[in-house]
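Written out below as structure tokens is the structure these notes cover.
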Amino acid sequence: MLPIKITNDAIEQQDKLTLRSNLIDFIHQSLEESFSDVIDLSNLENKKIIYSIINDTAHYNLADFIYKNPKVTKFNLWFKSSTTFNKIIKSKNISHPVYKKIITKLQDNNRIKVSFNDALFTKYNSRSPENTGIIGSLIGSMFTIIICLTFALPIGITSGICLSELIPKNKISSIIEVSITNLASVPSIIFGILGLAIYINIFNIPRSSALIGGMTLSLMMLPNLVIATKQAFTAVPSSVKDAAFSLGSSNMQVILHHSFPIALPGIMQGVILSIARILGESSPLIMIGMVAFIADIPKDFLDPTTVLPVQIYMWASNPHIEFIQLAAIAIVALLLILLILNLMVTFIRKKFDHFIF
């Protein structure tokens, strides 16, 4: 972060777009004035080095400050350093003499400090590592999970109840159960191929949208939900069912009023585990085109979007070391989200157990 003394009394009242473009030269002039006493500015290479120490969005920040403070004529403003300069600052041995002089002067005048990069959690995707963020992929993940749960929850829970309580035990039901168990272990890329073949090629659902992403992941979620629901109902004590039947309850009344409340904590655990799995999936979404560079935040379920695991994959595949570091931070954020989900499940399960028993 670099504070630079600037004056805006020479800036005329202009619209924001024009002001931003004009401020680039003004920032360069301020940088030259700040380092003219320690660096030979007659050398064009030295000028380029000075211009490169702050990031490419400095004129955006300056324009926003001027619009918010129109009466201020002289002030100090902190700017984010560029990726190149940030890397040089972190290195132990600074061999380049110009960069060494710049850093020395900044440190002597207390014009450089380390701060938290809040842009990572407040800005959308960008080609510049110091300006990129995960807010777009987080919203995309949220939209995708909402669509996934909308399709998978009613079908999966209903199917699990039917297999456990309604369908007679015979060879056909055994084949269905084995098939569902096998579906739960199918590689995720297969579901991506199904989504590509069915949803895109047949139904023409917009590629890279949260809608197709959620529908594709719902295919992955269904087997896990069916198995979790069936196991939860199987774990209900038979004495509870027998007592309800002895009091004249019908089969549906026993399921809805007695078995389902007891099985609900187990079902919720299966739902959360399924969410945790799809939240970390990337390969099926890559197959349906959600790996594209999306610079905007999605506003609805049909807008092009990406998800956090795919964002991590793209950053980790980038040759620049700064994006790899950002990928590591995004992985930690993803793990924290999963931890919070599991803590919520533990809390809710205890609450349900309290009311049931």
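Residue 1 is the first one shown; counting continues down the chain.
The backbone N, Cα and C atoms fix where each Cβ goes, and this holds for glycine too.
Within the same chain, residues 120-125, 173, 176-177, 180, 210-211, 213-215, 217-218, 221-222, 224-230, 232-233, 255, 260, 267, 271, 274-275, 278-279, 285, 290, 294-298, 301, 305-308, 310-311, 330, 333 sit at least 6 positions outside the transmembrane segment (134-163) and bring their C-beta atoms closer than 8 Å to a C-beta of that stretch. TrEMBL lists 134-163 (among others) with the feature transmembrane segment.
The annotation domain 'ABC transmembrane type-1' is assigned in TrEMBL to 138-345.
The transmembrane segment annotation in TrEMBL covers 175-202 (among others).
For 208-227 (among others), the entry in TrEMBL reads transmembrane segment.
Long-range contacts of the transmembrane segment (278-295) within the same chain, counting only residues at least 6 positions beyond its ends with a Cβ under 8 Å from a Cβ of the stretch, are 124-127, 136, 140-141, 144-145, 148, 188-189, 191-193, 195-196, 199-200, 207-208, 212-213, 216-217, 220-221, 304-310, 312-314, 334, 337-338. Taken from TrEMBL, the feature transmembrane segment applies to 278-295 (among others).
For the transmembrane segment (323-348), the residues of the chain that approach it from at least six positions outside its boundaries are 120-121, 129, 132, 134, 265, 268-269, 272, 275-276, 279-280, 308-309, 311-312, 315-316, judged by C-beta separation under 8 angstroms. Feature annotation from TrEMBL assigns transmembrane segment to 323-348 (among others).
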